[in-house]
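Chemist: Below is the structure I would like to discuss, written out as structure tokens.
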Amino acid sequence: MLQKLPSFPGIAGPVVVIVMDGYGVPKSDVGSAIAAAKKPTLDSLFARYPHVLLRAHGSAVGMPSDEDMGNSEVGHNAIGAGQVYAQGAALVADAIASGAIWQGEAWQQVVAGAKAGRGVVHFIGLFSDGNVHSHIDHLKAMVLRARDEGVKAVRIHALLDGRDVPETSALEYLEPFEAFLAELQAGGFDAQIASGGGRMTITMDRYDANWKMVEQGWHTHVLGRGEQFASASQAVRALREKHPGTIDQDLPAFVIGKDGQPVGTIEDGDAVVFYNFRGDRAIEITRAFEEGAEFDKFDRVRAPKVTYAGMLQYDGDLKLPKRFLVDPPAIRDTMSEWFAKSGVAQFACSETQKFGHVTYFWNGNRSNKFDGETWQEVPSDVVPFEQRPWMKAAEITDAMIAAVQSGKYKVLRCNYANGDMVGHSGHFRAATMAVEAVDLALSRLLPAIDAAGGIALITADHGNADEMFELDKKTKQPAQNPDGSFKAKTAHTLNPVPLILYDNVSGGKLALKAVEGAGLSNIAATVANLIGFDKHAAWDASLLDVR
Ligand SMILES: O=C(O)[C@H](O)COP(=O)(O)O
Ligand SMILES: [Mn+2]
Ligand SMILES: [Mn+2]
């Protein structure tokens with residue numbers, strides 16, 4: 001159990017942590033959908049309540065460098081655990097640099113498995129250097145190592161990004177990579193891209209939101225069914241022409257073929273490496289490969305017997321995948337765990353798209369609840385979110401208000417997906433509406449918290465809607481497309497996020513300390529203090545100032 005604070009008994013009512021996904025605070029308002037939004041509630045929060053800025057990117061969330069933007073996984077891990085762990089991106093890079101990955105049993109089984117079969121290793125994953133789910137350098141290192149260890153052929157199944165990297169950057173990755181493979185090919189090793197498609201079209205669904213995507217991915221990568229092209233870069237060019245204005249993440253699936261035959265279907269005896277390190281969008285395709293006849297999410301047509309490995313373990317509770325190349329961060333002592341051990345009842349809510357963020361990531365990548373936790377999922381729409389920028393903000397708010405009013409919970413948390421999910425679409429106007437939907441939600445939720453004698457901490461996991469255009473590096477003005485339109489930015493940002501203390505109960509006794517370098521990992525201890533507990537020894541410092 002956590003120790004009681006000697007000097008402060010905690011507030012009488014509940015503490016509600018509200019994560020506005022994708023809400024950063026930029027230095028300039030140029031291109032910010034947040035600045036352009038009408039948001040009277042948030043404006044008055046910033047004007048009237050204590051607030052500080054928190055670091056939410058780079059080393060503050062366990063990424064390899066401060067050039068790396070934050071993301072939902074590392075952000076929610078840091079908030080929930082109150083600590084910073086070296087994350088997948090860093091762990092994989094280190095394992096490759098040291099060579100430890102090649103010594104591991106999983107890699108050796110991949111190579112041995114392939115050699116015992118047709119000698120083919122398939123690599124499926126997100127094809128960019130976004131470092132949110134994957135990094136193309138990891139893929140290159142594995143292709144080279146497979147060749148050096150005597151694997152005959154590799155086939156790459158490339159999921160086009162445009163979501164963690166510029167929206168139409170696919171060819172900037174594909175062309176050099178095709179040249180890299182061509183050189184290897186000349187050495188007698190058979191290395192080719194075999195299939196691909198936009199990451200929001202195939203394979204990378206998450207949280208059971210839309211299994212159709214995974215089914216289509218299976219048809220593309222495994223069965224080799226779909227429109228055929230001679231190379232991946234030709235496929236991208238042709239598909240862009242056919243679907244003008246479609247950005248990389250939404251491009252249709254494609255298969256690479258020669259004389260009508262796909263070059264890289266997945267067959268019995270092959271090895272398959274899913275090279276994303278992040279779990280949320282890796283779990284469904286992993287299940288499709290690993291599960292036996294009990295698999296009922298779609299008709300696989302055929303389920304080849306392969307040696308399957310994930311880059312990391314994606315879910316420690318479900319033990320998924322069975323074989324993984326690098327150990328995940330061993331996240332321990334999360335706030336949910338210690339609040340549970342201290343008898344604190346907790347409530348978590350979001351819509352499908354962010355449900356795992358506020359439960360699984362928050363709890364240190366665990367899919368099981370701790371004692372006294374209640375989780376509520378609001379089903380997300382299955383549409384492009386620029387068409388419904390309000391998403392499920394109203395329904396999440398209804399659920400949160402009911403949970404606050406029930407009086408059952410001392411600590412509650414929710415995630416509003418809007419700023420992030422709509423931010424990723426690159427639609428400026430829809431993103432302003434997304435922020436407005438969150439503002440409206442807050443205008444309903446906060447009075448319910450007041451009525452319960454509670455306090456809210458309003459924050460975000462990383463930026464997104466705060467920069468909707470690529471900025472010209474020199475002028476800092478929006479970069480332009482050849483037709484004069486602004487170049488949309490779909491990725492997260494490097495900006496800090498707010499932490500607002502919404503407190504109408506302490507009469508000004510509580511404030512937030514401005515601590516140099518404070519980040520998302522300072523939130524857990526702050527919540528603990530608000531409910532009258534000292535922080536766990538492993539947690540970073542509390543920002544609560546009790547006067
Ligand atoms: O998976 C995604 O949608 C993006 O790569 C990252 O977004 P998230 O980290 O906010 O989920
Ligand atoms: Mn996020
Ligand atoms: Mn995002």
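From the backbone N, Cα and C atoms, a Cβ is placed for every residue, glycine too.
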Chemist: Pick the one from Lys39, Lys341, Lys354, Lys369 that TrEMBL also lists for the substrate site with His133, Arg163, Asp164, Arg199, Arg206, Arg278, Gly279, Asp280, Arg281.
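Modeler: Candidate listed by TrEMBL for the same site: Lys354.
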Chemist: For the Mn(2+) 2 site that TrEMBL lists with Asp21, Asp461, His462, give the additional residue from the candidates Ser59, Ser65, Ser72, Ser506.
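Modeler: Record source TrEMBL; matching candidate: Ser72.
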Chemist: I'd like to know the mean pLDDT over the domain 'Metalloenzyme' (14-535).
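Modeler: Summarising the domain 'Metalloenzyme' (14-535) by its mean pLDDT gives 97.
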Chemist: When the Cα-Cα distance from Gly279 (substrate binding site) is computed for each of the binding-site residues Asp21, Ser72, Asp461, His492, which gives the smallest value?
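Modeler: Closest by Cα distance to Gly279 (substrate binding site) among the binding-site residues Asp21, Ser72, Asp461, His492: Ser72.
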Chemist: For His424 (Mn(2+) 1 binding site), which residues in the same chain are close in space, meaning a Cβ under 8 Å from its Cβ, but six or more apart along the sequence?
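Modeler: Expected: Gly22, Arg163, Gln249, Phe385, Asn464, Thr490, Ala491.
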Chemist: For His133, Arg206, listed as binding-site residues, tell me which one has the smallest number of other Cβ atoms within 10 Å.
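Modeler: Per-residue Cβ counts within 10 Å for the binding-site residues His133, Arg206 bottom out at Arg206.
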Chemist: Give me the long-range Cβ neighbours of Ser72 (Mn(2+) 2 binding site): same chain, 6+ apart, Cβ under 8 Å, in sequence order.
Modeler: Asp21, Asp280, Lys354, His357, Phe361, Asp420, Asp461, His462
